[in-house]
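Database features, via TrEMBL:
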type	residues	note
COMPBIAS	A:86-98	compositional bias 'Basic residues'
COMPBIAS	A:123-134	compositional bias 'Basic and acidic residues'
DOMAIN	A:555-670	domain 'TMC'
REGION	A:66-158	region 'Disordered'
TRANSMEM	A:237-259	transmembrane segment
TRANSMEM	A:280-303	transmembrane segment
TRANSMEM	A:318-336	transmembrane segment
TRANSMEM	A:406-430	transmembrane segment
TRANSMEM	A:454-473	transmembrane segment
TRANSMEM	A:485-505	transmembrane segment
TRANSMEM	A:675-693	transmembrane segment
TRANSMEM	A:732-756	transmembrane segment
């Protein structure tokens with residue numbers, strides 16, 4: 001019977017809703033067509049009168065919708081959740097009285113109701129707003145409710161409701177009997193201010209929800225601590241940078257060429273050569289970035305050197321060059337700006353005086369209403385405490401300075417030996433492989449052919465572990481140890497970089513020599529072509545030859561681009577596979593083999609892996625270095641990297657939560673951010689060097705790329721200045737680039753840097769001084785304010801103390817800088833209150849006062 | 001008014017709509033503790049005990065309103081500090097002694113910290129906050145410490 005009732009009521013309500021919709025539509029139409037004041041007013045009243053009666057009923061069957069933290073507009077959700085809580089409560093209460101079967105029916109109706117709700121949308125919003133307004137009986141303008149304004153409601157109605165509510169509230173308050181006269185005003189003001197702060201809060205929540213992956217990172221932070229979370233924050237920041245780089249290259253280089261340049265197959269450089277055509281579509285070739293992938297906008301070689309393309313007269317070569325320079329410049333700017341901002345933030349002093357107490361009493365957020373969030377919060381509180389405990393322990397450690405120093409020097413020496421050894425090994429191996437290359441690769445065994453790669457991989461695997469072992473000698477704070485580890489592995493990987501660049505340079509040289517040969521061959525070939533036809537008239541229309549048949553010079557830039565892309569891809573694959581095998585497989589094995597193994601796998605040997613912050617960070621940084629190096633020759637690299645980072649984020653987040661355990665010693669990663677930035681800056685600098693070298697010294701290929709035909713790549717700038725800008729501009733520029741002008745300018749900049757640095761140093765010192773003074777003042781205030789209460793407490797608790805009346809004992813603290821001054825203040829104050837103050841030096845205090853077991857009244 | 005509806009929703013059969021006759025109705029602790037706002041709070045039992053008249057957690061409408069008004073955004077800082085002190089005072093002796101601190105900590109971390117760590121944290125808290133050095137925190141100590149906390153107001157707050 002109840003079931004029938006509910007369906008009936010549902011039908012009733014749906015009809016009511018439909019009527020409402022009609023009226024509403026009618027109102028809107030009238031409004032737009034007639035715009036007459038009285039009509040509007042009348043229609044509003046009509047709407048409201050229709051809304052009010054069935055509001056109460058309709059809320060119930062909306063009941064229990066679960067709004068998960070999703071991508072719905074938070075603001076809307078917040079309002080809904082608060083409003084719907086009431087309804088939910090009511091629905092819950094009603095449900096408790098029904099049987100389970102009825103409940104299922106209810107849910108079915110709810111789902112229908114949800115669909116209704118979706119259709120109703122805006123109207124529902126208005127209804128809720130109206131309902132809340134009714135309940136709160138405020139005549140405040142509800143910002144969500146744009147259609148109907150509550151103030152145009154008859155004021156009398158509102159007043160009456162308000163009075164009724166006020167009376168009730170007064171009744172409630174007076175029952176309690178607490179003397180809070182302001183309370184009544186506060187309660188009535190509560191609702192108005194609550195709505196306003198609601199909006200602010202909602203907007204803040206919305207803004208937070210907009211930051212990508214924020215919830216994921218918060219979850220990781222609560223379980224694993226801030227150092228692991230700092231890696232993910234760094235990853236997210238990198239993703240942002242790569243997005244912008246991608247935007248630049250895609251929008252200004254790839255798209256114009258694709259849309260406005262000559263299509264595929266029109267000129268020789270854009271076509272797959274006849275010889276390769278057969279295999280151009282094979283997956284293996286494509287995966288290796290040959291075939292069709294090579295002759296596309298993805299690589300340097302595709303771009304034609306036309307000065308201006310399309311109807312926009314887009315200067316393609318200029319744009320290519322400037323985008324290349326611009327990506328580097330933008331990256332520099334962003335990295336340096338972030339470093340400066342981090343440095344500023346860390347300079348802000350934090351009041352550490354009540355660290356632990358605050359953690360204990362204010363860390364639980366009473367607003368949490370969700371079990372998952374509660375779990376996260378518990379985990380984060382625990383982690384927070386562990387971090388603070390670690391900091392405390394580290395600061396308490398006082399060990400033998402000399403032993404520590406000796407051990408550290410020893411460790412550094414060992415590491416240096418290691419690095420030198422590996423450096424020499426790499427150099428040796430590269431030399432050998434160069435020799436092998438000259439002999440031709442076929443003569444050597446597989447090992448000798450791949451020697452360089454194998455040596456690099458092996459070094460990369462074992463040296464970090466060695467460094468880890470050595471670092472246990474040093475006994476640093478974990479954060480500092482991490483930085484040292486990062487630095488050392490960085491030095492190791494520089495060797496990697498070195499071999500790669502050497503190999504590339506060799507190949508470039510080989511290609512360039514090939515080019516000369518091909519150039520020669522082409523002239524011969526062209527001559528042979530024209531041999532058959534009239535030889536004198538070279539201005540005659542050239543014989544149409546299919547572009548695929550034209551002999552092509554080797555394009556070293558495309559080759560370089562391809563190498564970079566291949567490197568990035570293989571790097572990515574290696575990372576993912578090691579992640580899956582090293583972490584996931586290991587975790588699965590440990591979990592399932594544990595039942596049937598002799599010793600406890602989880603506690604003992606393999607156990608679950610910890611998240612390797614240093615390895616991952618370095619991988620990320622080196623990857624970015626590769627991108628910066630290769631982006632000039634392969635415009636597709638930033639796009640590839642965006643994809644890679646996106647996948648990485650999700651994969652690593654999942655892997656961390658699923659397969660890793662938190663470290664034993666969880667530490668706060670406050671300073672790490674700037675450290676990562678510093679390394680990034682170094683890599684950025686190192687990766688722009690080879691690029692600058694190639695741009696300035698090596699002439700571009702003669703038949704591929706946007707700079708073909710020029711002597712040097714940067715000639716395009718010169719050309720643009722001469723032809724595109726008015727004459728006076730180029731004159732000015734030529735004067736400005738006079739060495740006599742440039743050198744003094746550089747000198748001036750160096751002097752400016754020096755001056756700014758010295759002023760900033762002096763500001764920092766002044767800052768520290770002021771902080772100290774502030775601390776002193778705070779301490780004095782503490783004494784002065786608490787003196788009466790502490791004295792009273794002391795007297796109350798120690799009635800039997802046989803000391804002299806009114807004597808207060810204060811030990812001189814070594815923290816008080818200007819001791820005489822502060823002692824004077826305290827004495828004056830106490831004299832005013834007719835208390836006597838005696839100052840003891842710490843020694844006297846330790847020896848005599850303590851022995852006599854005087855209770856210490858106050859201590860700093 | 002909203003609060004009244006919430007109170008009523010917890011047990012509609014017990015709470016009459018009409019309060020003008022001042023009925024003497026108390027809701028047992030289980031119902032209060034099952035409210036979604038309090039469900040996940042590790043201190044819900046203490047909160048209920050502090051605000052209820054009989055100290056057992058059974059709350060009348062007045063207690064209910066009192067509780068939420070203190071925990072709302074508009075309550076003044078000192079009032080909140082006073083009630084926070086009472087909540088964290090597990091043995092109701094008007095002092096936060098070591099055992100109170102230990103209990104608070106264990107509720108906060110759900111027993112994840114080891115014995116030594118718990119002891120260390122409690123010692124540190126005592127060092128930091130105890131101004132009169134009597135080995136336990138009085139209300140003045142607590143208030144002195146908590147009013148300086150930057151996020152006390154925002155965390156000690158329930159929206160309803």
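Including glycine, each Cβ sits where the backbone N, Cα and C put it.
As the structure is a computational prediction, the values presented were derived from the model and not from experiment.
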Three-state composition of the domain 'TMC' (A:555-670), taking helix and strand from DSSP = 82 helix, 2 strand, 32 coil
Two-stretch contact, the transmembrane segment (A:237-259) and the transmembrane segment (A:318-336), at least three Cβ pairs under 8 Å = yes
Excluding the flanking five residues on each side, which residues at least 6 beyond the ends of the transmembrane segment (A:675-693) place their CB within less than 8 Å of a CB in that stretch?
-> 230, 234, 324, 328, 331-332, 335-336, 338-339, 342, 483, 486, 490, 494, 497, 501, 504, 617-618, 621-622, 624-626, 628-629, 632
Given the model, what does the mean pLDDT over the domain 'TMC' (A:555-670) come out as?
-> 82
Any chance the transmembrane segment (A:406-430) and the transmembrane segment (A:318-336) have 3 or more Cβ pairs under 8 A, given the pairs are 6 or more apart in sequence?
-> no
Within-chain partners of the transmembrane segment (A:318-336) [C-beta distance under 8 Å, separation at least 6 from its ends] = 241, 244-245, 248-249, 252-253, 256, 303, 628, 631-632, 635, 638, 677, 680-681, 684, 688, 691, 706-707, 713-714, 716-717, 720
